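J.: Dropping the structure in here first, questions after.
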Amino acid sequence: MMVEPIRETASPIVAAQDARPPVIEISALGKTFTLDSGPVVALESVDLTIRKGEFISFVGPSGCGKSTLLNMVAGLLSPSQGEATLNGARIDEPSRQVGFMFQTAVLLPWRTVEENVLMPAEIFGTKTQALREKARSVLEAVGLGEFLKAYPQQLSGGMQQRVSPRTLTSEPDVLLMDEPFGALDEFTREAMNMELMRITQAAGITVLFVTHNITEAVFMADRVVVMTPHPGKVSGVVDVDLPRPRDIGQMQEQRFTDLMFKVRGILGHG
Amino acid sequence: MAKSAALQMGQQVGASFQNGKKQEDLRYRLYSLAIIIVILAVWEIAPRLGLVSPIILPSFTAVVGALISLMQQDFFLRHFSVTLTEIVVGFVLGTSIGLVLGIALAVWPAAKRIAYPFVVGFQAIPKIVFAPLFIAWFGFGMSSKVVMAVVVSFFPVLINTMVGLESVPAEARKLMRSIKATPLQTFRKVSLPHALPVIFAGVKAALTFVVIGAIVGEFVGASEGLGYLVELYKNQLRIDRVFAVIVILAAIGAGGYFLLEWLDRKLIFWRSDVEGK
Ligand SMILES: Nc1ncnc2c1ncn2[C@@H]1O[C@H](COP(=O)(O)OP(=O)(O)OP(=O)(O)O)[C@@H](O)[C@H]1O
Ligand SMILES: [Mg+2]
């Protein structure tokens, strides 16, 4: 049974998943920024346990602290209260087991697409032939197989965004995604989401996925964490008990619509 | 199901666009050429018609004649190489100092807070006024001119290096932090290449200043060099030779500039105006 103290109760069908070991444990995590105009509570006391291989979506309107939460889990931002742990160890710096996909692709114009993808490997000192193959397969998965040797400025904006899943090349245990496909058109985004879900499910990667889009959040997730602003906080968690592998057809099912309404409801009440 | 067609789309650049651009380039080159011809023609005809005294403005062909005869003199090479040496040494030292100081101020916040007011204050001084002082300190030889060249040229490199390094996008820094890159790795792989176009603009500006610095130094006190020759011929009222030396100095400046421009293209191949290839 779910034991973490969250307000919205878990649906009973997911009990079987609880055998998986917790990877990320967030307890009483909060962040207050101090500005000249006074303190801003970006995130208030979040408690959440994320198990191995789980896909968690975070939805909520702009400014509800989604990026703040993700940055703290990434070890890029230090918490004001509480803590987050990764495999039991307190997170206070970035970890190589954690991959981060940012809102923009961050491509260096003097490196080819391939060289950009291999940058982390260069830093880690793990740039091997096997890794090159891995990079190639990731780029092929997002339809950029023919653009390995191209420079980023030779790609369209959308194609540049599609390089984001490069972080998978380093085979992280945990993947943090901060709306990496936000600027893509709906078709491409859907295709990217499907591809990402396939890869992460197959590899057993734990995913924290931030989005504004409720449909997408529900469709991808095992659980949807619903957040509301002023101050940023978690208002509820909705279990998504739709079977996997998912396909677009499931969006037409009554259960899917119910889940979306549930998320909407929590967002509405704040 | 796995991969949709949406992911397979590439894109092409129109070839006609490239063609149109080439024609446009040619047209602008013709305009430039026309302007040069007009200037040379006026330069040639005005003194000949007596519109200006040849003492004030020798005709174009007179200057060309003076240039050829000057270059055949034994002493010419000595003066030429003195000035060229001052320029090259001053340029290398000035840009190196600017680069090192710029990097230091950019990567070391304490250094910036302490030193920056002095740097800006120093820049506010018209440094040409130091020329007589440097002659007194470092003598009539090349060293005083090199010092002058360095003093007037390091600043654009310093400021551009600092600004370039500091303008690395926050997202790129965040990426490097998230993969636990060391500060040195971030500097080498991200900050420095990112700053390179801006640094190069500073280096180009420095070249112009170096030439000015060396010549002013020679004006103020020297017994050799092209600046010294200008002074000498002016006093002898051999204005055609003054112009000849000016042409040589212009050629040195232009040569250096084109060399830098070429290096810039090689080094910074990713500039957005680089098309095709
Ligand atoms: N570095 C910062 N300094 C000050 N305030 C900040 C900082 N980062 C975030 N905030 C504030 O914290 C709150 C939450 O910001 P956050 O970026 O986490 O929101 P978000 O949910 O990711 O929004 P969006 O969907 O627009 O990306 C906002 O009110 C924001 O103004
Ligand atoms: Mg955000």
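Just so it is clear, glycine is given a Cβ too, placed from its N, Cα and C backbone atoms.
Annotation comment: TrEMBL describes B:80-260 as domain 'ABC transmembrane type-1'. Per TrEMBL, transmembrane segment is recorded for B:28-46, B:52-71, B:83-108, B:114-139, B:146-165, B:198-221, B:242-260.
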J.: Using Cβ atoms and a strict cutoff of less than 8 Å, what residues sit near the transmembrane segment (B:28-46) while being 6 or more residues removed from its termini?
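T.: For the transmembrane segment (B:28-46), the far contacts come to 52, 57, 59-61.
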J.: When you check the transmembrane segment (B:198-221) against the transmembrane segment (B:52-71), do you get at least 3 Cβ pairs under 8 Å, counting only pairs 6 or more apart in sequence?
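T.: Stretch pair does not touch.
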J.: Which sequence-distant residues neighbour the transmembrane segment (B:146-165)? Criterion: at least 6 residues beyond either end, Cβ under 8 Å.
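T.: Tertiary neighbours of the transmembrane segment (B:146-165) are 86-87, 89-91, 93-95, 97-99, 101-103, 105-107, 112, 119, 122-123, 127-128, 130-131, 134, 137-138, 191-192, 194-199, 201-203, 205-207, 209-214, 216-217.
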